[in-house]
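Let me begin by presenting the structure, written as structure tokens, before commenting on it.
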Amino acid sequence: MGIKGLSQVIADHAPSAIKVQEIKAFFGRKVAIDASMCLYQFLIAIRQDGSQMQSEDGETTSHLMGMFYRTIRMIDNGIKPVYVFDGKPPDMKSGELEKRTERRAEAEKALTEAKEKGDAKEAEKFERRLVKVTKQQNEEVKQLLGLMGIPVVEAPCEAEAQCANLVKAGKVYGTATEDMDALTFGSCVLLRHLLAPEAKKIPIKEFHLARVLEEMQLTKDQFIDLCILLGCDYCGTIRGIGPKKAVELIKQHKNIETVLENIDQTKYPPPADWPYKRARELFHEPEVMKCDEVELTWKDPDVEGIVKFMCGEKNFSEDRIRSAMVRMQKSRNAGTQGRIDSFFTVSSQVKCVTVAKRKAQEEAEKMKKGGKKSGPPKKKAK
């Protein structure tokens, strides 16, 4: 789920934090990609006849085709992708996982009813909801990426948190995912729709955390509390408080504790034993690999290994796979020049703290002046 309604909140309250980009804008960038999100997107991309791609043995291969060609498209555009895979879910996510299990059961029931009625459109809708990435599909994609020379990171817990950590350490430019909680975990840059199908021509949305905080006049702590009020994967929300009210309350009261002290809890009842403090801690200190333990190396692809795996084992067309590999090699060679602005790089970590540092300096100046606000310059008497 990520953070419920956060993208719209940012669009409403911090529009300058969002840039609409074409993929070529990221030439020379290293990008950490939420692999699980990608695989899910590839698997729900059902073909016109309502089926997924399969090998001769009846194995689903949509995930391999999607990963292979989308990765090559990124390399064509000078992007150096890093795929980050989910580890075990945090204990606090158990409630959200239970809800997902319930929704799957409801979707299975609805699918059966749609098939009995002969409603193909409804059946397709519920089939998409039942798609789940398997362990085997994860392993096959890791094998393919290894053969392509693309670095893979296996997060101990949430992929978005690990991606955010790589961004904060300056190892990559941004996090590519559809889940907005990458910002809550501290990713300075979030890219949505980077892996959207080229044919759909969906523009990439680039969110900048520093601009969000600056324009909304929030600290990082206040932003995390806002995200918890909006709705995250780790705890419930206060009934009756929507996005507009959540923003108002955080701006007025600064944190959830003070919000709870000042709202009418008969009108806005919080969940019983609401673990918002633990959710806050999880966003502040998620379980991630230390960045000095993560080595990102892009290697030459093993063309024959790819052909053996994709064509020999998974029945893809050898001509198409070899043609795509020729294209990939050309793009790799062309992409070695890098970005001009890399010669003038300020690390992502520095960019993220600039706003907070500037605010602290402004507060210090106010204290020196006795908290007085400077007004407009007085006109000189004629």
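Backbone N, Cα and C define each Cβ position, glycine as well.
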- [ ] Quick one: which of D76, D86, D91 does Swiss-Prot put in the Mg(2+) 1 site with D34, E158, E160?
- [x] D86
Open item on the list: Per Swiss-Prot, which of D225, D233, D264 sits in the Mg(2+) 2 site along with D179, D181?
Closed with: D233
Open item on the list: Suppose you had to name the range Swiss-Prot annotates as region 'Interaction with PCNA'; which of 300-308, 327-335, 336-344 would you pick?
Closed with: 336-344
Task: Proximal but sequence-remote residues of the same chain as E158 (Mg(2+) 1 binding site) (Cβ under 8 Å, at least 6 apart) - done: D86, G87, P89, P90, F185, P286, E287
Task: C-alpha spacing of G231 (DNA binding site) relative to D34 (Mg(2+) 1 binding site), in angstrom - done: 20
TODO: Would you please pick out, from the binding-site residues D34, E160, the one with the fewest other Cβ atoms within 10 Å of its Cβ?
DONE: D34
Open item on the list: I want to check the contact list for R70 (DNA binding site): same chain, sequence separation of six or more, C-beta distance under 8 angstroms. What comes out?
Closed with: C38, F42, L195
Open item on the list: Please report the three-state DSSP label of D34 (Mg(2+) 1 binding site).
Closed with: strand
TODO: Pick out which of the binding-site residues D86, D233 has the most other Cβ atoms within 10 Å of its own Cβ.
DONE: D233
